[in-house]
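**Student:** One structure is given below, represented as structure tokens, and several questions about it will come after.
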Amino acid sequence: MDAVNLLDFDLEGLTAFCEKLGEKRFRATQLFRWIHQKGATDFDQMSDLAKSLRSKLQGIATLKTLPVISEHVSSDGTIKWLFDVGGGNAVESVYIPEDDRATLCISSQAGCAVGCRFCSTGHQGFSRNLSTGEIIAQLWHAEHALRQRLGTSERIISNVVMMGMGEPLQNYNALVPALRTMLDDHGYGLSRRRVTVSTSGVVPMIERLREDCPVALAVSLHAPNDPLRDELVPLNRKYPIDELLAACKDYLEAAPRDFITFEYCMLDGVNDSDEHARQLIALVKGRINCKFNLIPFNPFPASGLKRSDNARVQAFARLLADAGIVTTVRKTRGDDIDAACGQLAGEVQDRTRAHTRMLRQPVAVPVAMPTRGERQRSDR
Ligand code: SF4
């Protein structure tokens with residue numbers, strides 16, 4: 001029988017596991033702290049654990065961290081790790097230090113089945129979901145490697161964004177215990193406001209996350225109307241913008257922040273006109289408390305898309321801001337190591353032929369159309 005990977009458990013799960021071994025709850029807490037707070041991988045290091053428990057764990061349990069294939073350090077301090085998750089798949093995580101925070105961007109899947117047109121992960125197709133242990137091992141590695149490098153026992157990573165490879169809400173069952181471990185005071189002790197799940201809009205799972213583990217929510221919007229969003233984020237055909245916004249609004253009732261962040265990748269001649277900005281304003285104004293984060297597109301050859309120029313991004317941002325919508329333009333970080341947004345590619349044994357499919361279908365830019373909500377309003 002394979003040894004159980006203890007990184008797969010949140011504290012509740014680890015407690016249940018320890019209870020099956022005849023151990024008390026506080027033993028699980030001790031073990032959890034050794035793993036996540038102290039970065040121990042060897043049960044013999046865990047000096048305050050009863051010897052009897054340590055010997056029970058030997059042989060039946062393990063701490064399966066992820067082998068590092070490569071590490072690249074950018075001139076701006078950004079670090080990108082490529083982790084081997086077996087079977088020819090590798091996933092990436094990116095550490096982004098700033099003056100007032102240190103953020104880790106984590107992957108949730110090997111590849112992604114959503115297939116957004118502007119995303120290199122989407123072009124690679126999908127291989128498999130990561131386990132809870134594989135998601136949390138990215139944080140475990142980054143946190144403890146950085147502490148060692150900086151010679152400190154203080155916590156380094158203050159924020160986590162689930163914005164790496166994959167659609168986290170399509171790997172819900174593995175995601176939630178990983179989030180709980182990040183938030184747990186005996187684990188990484190991160191504030192709910194500082195853990196962000198980014199989704200392309202898996203509506204039923206947004207509703208479940210609100211109940212199970214509300215953290216900050218970012219939504220990859222990228223278009224102000226359904227015909228264009230259908231092209232850019234194919235999941236929109238299943239969960240169109242109106243349903244998505246309704247789910248976001250409900251989410252705010254439980255969310256740790258009082259706004260949703262909408263991510264909007266600026267694509268030259270596709271979604272970046274003044275008319276698109278006006279449609280966005282009409283879509284959200286008075287309907288949902290939100291912020292926009294405009295992301296300069298990071299071009300890659302297979303996408304057939306171009307980055308909007310800086311003046312266009314600024315003009316678009318100004319229109320939104322003038323309408324009273326808080327708008328930021330994301331600084332690109334780690335450009336020199338391909339660690340910027342949408343550039344994470346890892347290695348994926350595609351089981352979906354997404355790459356070939358996308359190459360055959362260039363993005364068709366629909367003429368600007370009213371949103372579904374506007375159509376319904378004018379029909380009345
Ligand atoms: S943007 Fe996110 S959801 Fe879309 S293909 Fe890329 S990883 Fe998947």
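Just so you know, glycine gets a Cβ as well, placed from its N, Cα and C.
Note that this is a predicted model, so its numbers are computed, not measured.
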**Student:** In TrEMBL, the S-adenosyl-L-methionine site includes Gly166, Glu167, Ser220, Leu221, His222, Asn298. Which of Ser153, Ser158, Ser198, Ser308 does it also list there?
**Tutor:** Ser198
**Student:** Return the members of Glu92, Cys112, Cys119 (the recorded positions) with CB less than 6 angstroms from at least one atom of ligand 1, or none.
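**Tutor:** The ones that qualify, in sequence order, are Cys112, Cys119.
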**Student:** Looking only at the domain 'Radical SAM core' (98-336), what is the mean pLDDT?
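**Tutor:** Result for the domain 'Radical SAM core' (98-336): average pLDDT 96.
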**Student:** To the nearest whole angstrom, state the Cα distance for the pair Ser220 (S-adenosyl-L-methionine binding site) and Cys116 ([4Fe-4S] cluster binding site).
**Tutor:** 10
**Student:** Which of these recorded positions is closest to Cys112 ([4Fe-4S] cluster binding site) if you go by CA atoms: Glu92, Gly166, Leu221, His222, Asn298?
**Tutor:** Gly166
